[in-house]
Amino acid sequence: MDKSLHFTVCVLTALLLLRESSQAGEEKDPEVLPAPKPDPRGAGEGLPTLTVTTILEDPYVMVRGAELEGYCMELLAALAGMLRFQYRVRVVADGQYGAVAAGGNWSGMIGEILRREADIAVAPLTVTSAREEVVSFTTPFLQTGIGILLRKDTASQDMSFFHFLSPFSKETWTALLFAYLLTCFCLFLVARLSPCEWNEPKNEENHFTFLNSLWFGAGALALQGATPRPQAFSVRVIAVVWWLFTLALLAAYIANFTALLSSGSEQLPIQTFEDLVKQRNLEFGTLEGSSTFYYFKNSKNPIHQMIYEYMEKRREHVLVKTYQEAVQRVMDSNYAFIGESISQDLAAARHCNLIRAPEVIGARGFGIATTQASPWTKPLSIAVLKLRESGDLDYLRNKWWESSCLRQSQERWGPLEPPALGGLFLTLGIGLALGILAALAELSSSSRRAAAHAKKSCCSVFTEEICTRLRIKGAARQSQETSGKANA
């Protein structure tokens, strides 16, 4: 009896020790990381549990503290809530997306799906024909393409000789020249009409000639004072409006010119993949074993074949292992990275010295991979479509691709067109009209006083004043001829 009791105690102790060691080993497994907690309503309801394989890539899946977070983790949580399943996330062991090895076996997340080590793969996994032959994909949850990531200072070239004209378009410069000439003419006209500026035309000299008006307007453009200074209220109205116009215009010019200098996107010599092949200053490559690499390998385009041959001959030097390594290499050396355009947009948003070339080729999508004939493929596709229709995918896209710096790209800081300054030109036009009306009012008031004193018609005196002020040289010659005849 004592022997049987002793044997039972030993067995129970051994079982407890084995259980604790298995739990400790499971906690120390580096490949299994806790994901965000799923919907608590699913706890204890006997829901199916799926093993999910993924890969660490910002912002899709990232380690924050003791948990995983990112775009794919929130997408996975939303799918689990809709389809009522639990999940266990593991990071892919070899750190690869999935490619055919030399022996015909698949590596990365595709290989884990085929070996039944994982039920689904939720990651930035590109849907390709080769992968579709061995696994099944859901409807893509993100659309992307192949682009070129560059560092701005390595991709820039010398600015043009007339780069200082770039802040404004040709139409804006033309409108500015017209506004300058019109304002100077209005200054000249109003200064001649206003009796406060020119009280006795027959005996005084008007300092606001057309050339002086041009000089006065140019001085305002340079934020400098210029003589002659206006005295009449009507002339001052035009002068003040022109000063305000030039102040706002110079502020817009300086801001846009500074942005163009810091951006330099207009000066990118590498706009296309053909430009990348022709240049000799930058090395270029992509992720080893990625769908992008095989896209160029299988392409019949001569330019794409040249890119593939370049990368194949220098694969040990130009191919990178991870996306983070690619971004760091672009920032630290003369290297251009060829990869997913949507990931490059994120890198350019977070690192202000990076920029993506305009051309994007090979439209493709990121999908969720499952085993072939899996019962989860169609429900997952329907759930992705519902998330897209409800706007949840757009919300996740905007949330995780939020820029941490102000990008001053050519699309945002291009030459200012006339409509952008339309209100400024309208204000100038209204000011010129008010100045002319004020000059006519001043001349009319002076004409009424002169008509009352000479007992003439106000309209006749007003007309004589206008003719005298606008044709002062002719009137002066007539008065000199009349005085000469009287002396004779």
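Every residue number used here counts from 1 along the chain in the order it is shown.
Placement of Cβ uses the backbone N, Cα and C atoms for every residue, glycine included.
Since we're looking at a predicted model, the values are computed, not measured.
These features come from TrEMBL:
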type   : residues : note
DOMAIN : 49-403   : domain 'Ionotropic glutamate receptor C-terminal'
DOMAIN : 59-115   : domain 'Ionotropic glutamate receptor L-glutamate and glycine-binding'
REGION : 26-48    : region 'Disordered'
SIGNAL : 1-24     : signal peptide
SITE   : I270     : site 'Crucial to convey clamshell closure to channel opening'
SITE   : K297     : site 'Interaction with the cone snail toxin Con-ikot-ikot'
SITE   : K386     : site 'Interaction with the cone snail toxin Con-ikot-ikot'
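Cα of K297 (site 'Interaction with the cone snail toxin Con-ikot-ikot') to Cα of I270 (site 'Crucial to convey clamshell closure to channel opening'): a span of 22 Å. Annotated pair I270 (site 'Crucial to convey clamshell closure to channel opening') and K386 (site 'Interaction with the cone snail toxin Con-ikot-ikot'), C-alpha to C-alpha distance, rounded: 39 Å.
Per-class residue totals from DSSP over the domain 'Ionotropic glutamate receptor L-glutamate and glycine-binding' (59-115), listed helix then strand then coil: 20 helix, 15 strand, 22 coil.
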